[in-house]
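This report concerns only the one structure given below.
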Amino acid sequence: MFLKNQNIHFVGIGGSGMSGIAEVLINLGHRVSGSDLKKTDVTEYLKAVGAKIYIGHSCKNIKSAEVVVTSTAISRNNPEVVAALKKRIPIIARIEMLVELARLKYAVTITGTHGKTTTTSLTSLVLHNGGLDPTIVIGGRLKNLKTNAKLGRGDYIVVEADESDGSFLRLSPIITVVTNIDNDHLDYYDSMENLKEAFVKHINCIPFYGTAIICSDNEVVRKIIPQITRRYITYGLMGNPDIKASNIKVLKNHTSFDVFYMRKKVGSVCMKILGKHNVSNSLAAIGVGLRLGISFSSIADTINKFDGVSRRLEIKGEKNGMMVIDDYGHHPTEVAATLRAIKLFWPERRLVVLFQPHRYTRTKQLFNEFGRSFSDADFVKVLDIYSAGEQPIDEVTSDLILESLVSNKCKAEKFSDLEEFSKGLSVGDVVLTLGAGDVWKKGEELLALI
């Protein structure tokens with residue numbers, strides 16, 4: 001790896017993709033600083049583990065930096081980026097730093113449009129509890145380890161690999177998981193064909209001794225199989241995949257299922273996390289664990305004790321007979337899976353959703369699909385679009401989604417005021433805050449109100 005004790009500065013250090021890398025670098029002995037627009041639990045945590053944190057962006061923040069790390073959300077007009085250019089300080093994308101961290105390890109990458117964070121978390125914990133002591137970089141907080149990153153002494157690094165801007169193609173894994181491929185990030189790829197081609201390239205870059213572990217339930221994944229030139233293992237809930245979950249039982253406080261590997265039953269799992277989509281995510285982690293020689297009993301014990309990931313079907317609290325759940329889902333497929341999981345666990349309770357659309361481009365491309373994805377919701381309140389750094393697009397507002405919901409016979413209204421919203425709630429209601437922006441704050445505020 002590069003020279004020790006570097007002064008490394010992150011612009012937007014509180015971001016989910018940046019904070020984990022920063023923490024690993026701190027644990028490697030580097031001096032890490034970073035800036036963000038506001039103080040958050042993440043920036044406070046990084047401060048506690050040794051990072052120098054600046055609130056707000058300023059050219060003064062990089063005075064000691066030897067390299068500046070940015071994400072795609074950071075503009076080239078950012079004052080810290082401008083100052084770094086003037087001072088001839090190298091400016092690199094977060095993926096370049098991640099590649100550097102992974103260079104001297106055997107990388108396990110978790111890719112796919114949906115389910116990456118949970119699958120990365122499950123896989124990381126399977127390797128951790130299986131005695132492999134991996135380095136871990138995840139896009140969400142793994143509750144069992146109380147962090148989204150860990151520096152391990154073992155040979156492996158488990159990475160949540162982001163396909164949104166094609167940057168996952170720079171990683172060179174020995175094992176890669178593909179959870180699914182769906183119509184997202186087409187503002188970058190232009191077409192589904194280009195998106196599929198990127199996944200094929202990522203899979204085929206693994207060495208001849210590596211393995212791709214792919215979800216055959218997903219139609220697009222099945223379509224790319226003829227183009228795969230490396231060893232692969234399939235997993236899923238349908239058909240005859242190499243790793244299959246059968247006898248799935250969704251009960252009040254757990255989901256149980258039997259696991260078959262190469263048509264033979266290897267054991268059973270009884271997990272605490274909600275949703276059949278998480279059964280699928282568990283199968284991916286099982287596949288990685290078995291491929292690396294971890295016993296099924298160890299893998300199953302890890303999955304059974306898995307507490308989940310922050311902002312993924314996370315129960316925030318229950319008060320006066322009403323429950324508040326938060327989820328990061330921001331694509332129609334994710335929305336539908338999340339609502340279905342909640343309804344399976346609490347079919348008798350009214351499900352009320354506070355939905356915050358994420359990005360103007362996604363809203364423009366998928367508003368019709370969003371309108372069809374809320375069929376399991378009893379009532380939906382739609383917030384304004386969370387821009388995630390994008391510039392507004394003419395005539396693209398959350399009203400597009402609202403109108404699509406109404407046309408699909410979903411009871412939906414525009415959100416205006418939380419106190420007014422709380423007055424319409426009843427004992428037994430489940431309130432879901434849904435979206436990749438800051439809608440989770442509404443849930444915390446609501447718990448204080450009711």
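Positions of Cβ are set from backbone N, Cα and C atoms, glycine also.
The following features are taken from Swiss-Prot:
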type: BINDING; residues: GLY112, THR113, HIS114, GLY115, LYS116, THR117, THR118; note: ATP binding site
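Taking Cβ-Cβ distances under 8 Å and a sequence separation of 6 or more, the neighbours of GLY115 (ATP binding site) in its chain are THR179, ASN180, HIS277, ASN278, SER280, ASN281, ALA284. With a cut-off of 8 Å between CB atoms and residues at least 6 apart in sequence, the same chain places ILE110, GLY139, GLU160, ALA161, ASP162, THR179 near LYS116 (ATP binding site), listed in sequence order. HIS114 (ATP binding site) has a Cβ environment of 22 other Cβ atoms inside 10 Å. If you count neighbouring Cβ atoms within 10 Å for each of the binding-site residues THR117, THR118, the highest count belongs to THR118. Counting every protein chain shown, 24 other Cβ atoms lie within 10 Å of the Cβ of GLY112 (ATP binding site). Residues within less than 8 Å, Cβ to Cβ, of THR113 (ATP binding site) and separated from it by at least 6 positions along the same chain comprise GLU163, THR179, ASN180, ILE181, ASP182, ASP184, HIS185, HIS331, THR333. Take the mean position of the Cβ atoms of GLY112, THR113, HIS114, GLY115, LYS116, THR117, THR118, the recorded ATP site; other residues of that chain with a Cβ within 8 Å of it are ILE110, THR119, THR179, ASN180, ASN281.
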